[in-house]
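S.K.: First the structure, then my questions, so here it is.
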Amino acid sequence: MRLAVTGVTGRMGKSIIQRIIQTQAHQVDNKFILGAAIARDRSDICGIDAGTFVQSSKVGVFITDNIELVKGDFDVLIDFTAPESTMNYVNFCVMNNKNMVIGTTGLSKSYLSVIERASSKIGIVYSANFSVGITIMLKLLNSVSKISRYFVNIDIVESHHNKKKDIPSGTALLIRNVVEYNQFSDCVCNEDLVSNGEKKYGKLDNDIKIHSIRAGDIVGEHSVLCTSIGERLEIKHQAFNRIIFVDGALRSAVWLGCAKIGLFDLNNVLKINM
């Protein structure tokens, strides 16, 4: 299977290309190969071999900012960019019958609706987090949400590196949605609670709040704290290396292939039953 990777200068885009090239060198059956590497418009790295760019061996795939030029070179597109760019890639893939793996976060309700409509024509695996651990955590939280009435407060704490733009994280929103049984709900910022570089978010009509921290080079940490008088239940996930998200995205691309149509998530890919 030939994969296209967008946002090649970003943390995830670069890591995905590195992983594909590394895996290509050791694959016997060539389960996947790099077919295209796509950068933002007018990027000064266009024309450079993707392998050279990620400090690996040359692969004969040259970075481009024009996806039209490489549409015949890939089967599935992996996108971890920005919301507006993702929408452009979704429209392109629908027009050209290409399946997608989307890990872009910070998507609005209207953008999520675009993805849902597109999935009636192409196959899309969309997730705010491609780690196995988070997928299992969400399964556990399905049970916790059923007993949430026994706790006085439920809080979500998420920490990421100081370059991450979206606050709160897409994973934190997903966690809250699982607990609330509300998919793709909005998050409201209470500016009165902003202090010391920490922003606290929460819907105005319930007691579930999201606390977001941006500091240093934290890959990703998410905790759910269920508290009552005298006790606390905490469920926590820590990501120590970005490679867990990369491997989840690649596994999703292989699972999705060219033939599947519909909207899927990592739970569909992993087939976890709890």
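Note: Cβ is positioned from N, Cα and C throughout, glycine not excepted.
Among the features that Swiss-Prot reports, NAD(+) binding site is placed at G7, V8, T9, G10, R11, M12, G103, T104, T105, S127, A128, N129, F130, with the record citing sequence analysis. Marked as NADP(+) binding site by Swiss-Prot: R40. Sequence annotations record features per position, and here Swiss-Prot assigns active site, proton donor/acceptor to H160. The (S)-2,3,4,5-tetrahydrodipicolinate binding site feature in Swiss-Prot is assigned to H161, G170, T171. According to Swiss-Prot, the active site, proton donor annotation covers K164, on the basis of sequence analysis.
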S.K.: Applying a 10 Å Cβ distance cut-off over all chains shown, what neighbour count does the residue listed as 'active site, proton donor' have?
M.R.: 17
S.K.: Using DSSP and three states only, what is R11 (NAD(+) binding site)?
M.R.: helix
S.K.: Using C-alpha positions only, work out which of the binding-site residues G7, T105, F130 is nearest to H161 ((S)-2,3,4,5-tetrahydrodipicolinate binding site).
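M.R.: Of all the candidates listed, T105 is nearest in space.
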S.K.: Using R11 (NAD(+) binding site) as the reference point, find which of the recorded positions H160, K164, G170, T171 has the shortest Cα-to-Cα distance to it.
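M.R.: Closest recorded candidate to R11 (NAD(+) binding site) by Cα: K164.
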S.K.: Neighbourhood of the (S)-2,3,4,5-tetrahydrodipicolinate site (H161, G170, T171): other residues with Cβ within 8 Å of the Cβ centroid, in order?
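M.R.: What remains near the Cβ centre is T105, A128, N129, E158, H160, K164, D166, S169, A172, G220.
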S.K.: Could you check which of these recorded positions, R40, H160, K164, G170, T171, sit within 10 Å of A128 (NAD(+) binding site), going Cα to Cα?
M.R.: G170, T171
S.K.: Under 8 Å Cβ-Cβ from H160 (active site, proton donor/acceptor), six or more apart in the same chain: what's there?
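M.R.: Result: S169, S212, I213, R214, I218, V219, G220, E221.
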S.K.: Which residues of the same chain, at least 6 positions away in sequence, have a Cβ lying under 8 Å from the Cβ of T105 (NAD(+) binding site)?
M.R.: A128, D166, S169, G170, T171
S.K.: Measure from the CA atom of the residue listed as 'active site, proton donor' to the CA atom of F130 (NAD(+) binding site) and give the result in Å, rounded to a whole number.
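M.R.: It is 16 Å, counting Cα to Cα.
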S.K.: If you count, for each of the binding-site residues T9, T171, the other Cβ atoms lying within 10 Å of its Cβ, which residue has the minimum?
M.R.: T9
